[in-house]
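> Here it is: the structure, laid out below.
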Amino acid sequence: MGLSTKIIKSIGRSWRSNVKKFGIYEKVLPVETTPSRVVPDTIERPDYLARGKQLTLPCLPEIKDDNQLNGMRTSCKLASTILSQVQNFIKPGVTTDDIDQLVHSLIIKAGAYPSPLHYKGFPKSICTSVNNVAVHGIPDLRPLSDGDIVNVDITVFLHGFHGDCSKTFKVGNVDNRGLQLVEITEQCLGIGIGTCGPGVPFSEIGASIQRHARKNGLTVIPSIVGHGIGQYFHGPPDIYHIRNRYPGVMKAGMTFTIEPVVSHGTQNTVLLDDGWTILTEDGSRTSQIEHTVLITNDGVEILTK
């Protein structure tokens, strides 16, 4: 019996015994998908796609100058604009591959590159994580069902800068436990962002998020962290969404993502054989929401709002 088969059977047993706690929804596993989409040669690619090119990442959280911040604002605005167009497209019967096609087309039309595409071998232009898929779900041909929740994670590379955001969307009629999960996750992100400002320890973000989740009987998945972002897709600082001892304080000019993943179940996850899809071990649903933020002289600015 392969690893994925054992995991699936374990998830099934746990989920059936926790319906009251987790709510009513369809447990999801990956299905077949379509080939990677094509990007015109005229569109600028990020450095990690260039063969033989050494990637340059900052060793410490980067403090960006005005030109870099203008680039970040442009890429983040595009990412958030495209994410907002997904809302009206999502409905029962639409596949996550359909969402990938829509978002890919919008990114290309804007003259940008979909950052996840071929990043460390990822085969699609966005991540779509449905129900018990915590993160990094690969868009596929499963039609969305009434009652699903689906996170759509969009990152664009435009004029040399990445902009990153995500949101969990409700598909049709979602049960009360699912509605609560999405609402509290959105509150967690807002609380985490609200702690930000110059001189504040990075660790305060996670402590405030976990405190709010626990107060509402929910669990933050600790293995999923936010990250610094700029001309690089992922860099320092690491933004934990639980209590932590990550060193350092925020300074004006820093940009990073905050992206908590929250669940009704335990904190444990499993990685499937595709090397990307991360499921909750107990089959519980997760919700995630993400913004890219900028630390300013007197607080914080949400770049992907």
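Even glycines carry a Cβ here, placed using N, Cα and C.
Quick paste of what TrEMBL says about this protein:
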type	residues	note
DOMAIN	71-297	domain 'Peptidase M24'
BINDING	H136, H234	substrate binding site
BINDING	D153, D164, E290	divalent metal cation 1 binding site
BINDING	D164, H227, E259, E290	divalent metal cation 2 binding site
> What whole-number Å value do you get for the CA-CA distance of E259 (divalent metal cation 2 binding site) and H136 (substrate binding site)?
13
> What residues, ordered by sequence, lie under 8 A Cβ-to-Cβ from D153 (divalent metal cation 1 binding site) and sit at least six positions away in the same chain?
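Long-range Cβ contacts: P116, I126, C127, T128, S129, V135, D164, C165, S166, Q288, E290.
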> Quick one: pull the CA-CA distance for H136 (substrate binding site) versus H227 (divalent metal cation 2 binding site), whole Å only.
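Cα-Cα, rounded: 15 Å.
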> Cα of H227 (divalent metal cation 2 binding site) to Cα of H234 (substrate binding site): how many Å, rounded?
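H227 (divalent metal cation 2 binding site) and H234 (substrate binding site) have their Cα atoms 6 Å apart.
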> Would you count the other CB atoms within 10 A of the CB of H227 (divalent metal cation 2 binding site), including those on all shown protein chains?
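Excluding its own Cβ, H227 (divalent metal cation 2 binding site) sees 18 Cβ atoms within 10 Å.
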> Whose Cβ, among the binding-site residues D164, E259, E290, has more other Cβ atoms within 10 Å than any of the rest?
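The residue with the densest Cβ neighbourhood is D164.
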> For a quick check of packing: other C-beta atoms within 10 Å of the C-beta of H234 (substrate binding site), how many?
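Counting Cβ neighbours of H234 (substrate binding site) within 10 Å gives 19.
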> Quick check: with D153, D164, E290 left out, which same-chain residues have Cβ atoms within 8 Å of the centroid of the divalent metal cation 1 site Cβ atoms?
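Other same-chain residues near the divalent metal cation 1 site: A79, C127, I154, T155, C165, S166, T257, E259, T292.
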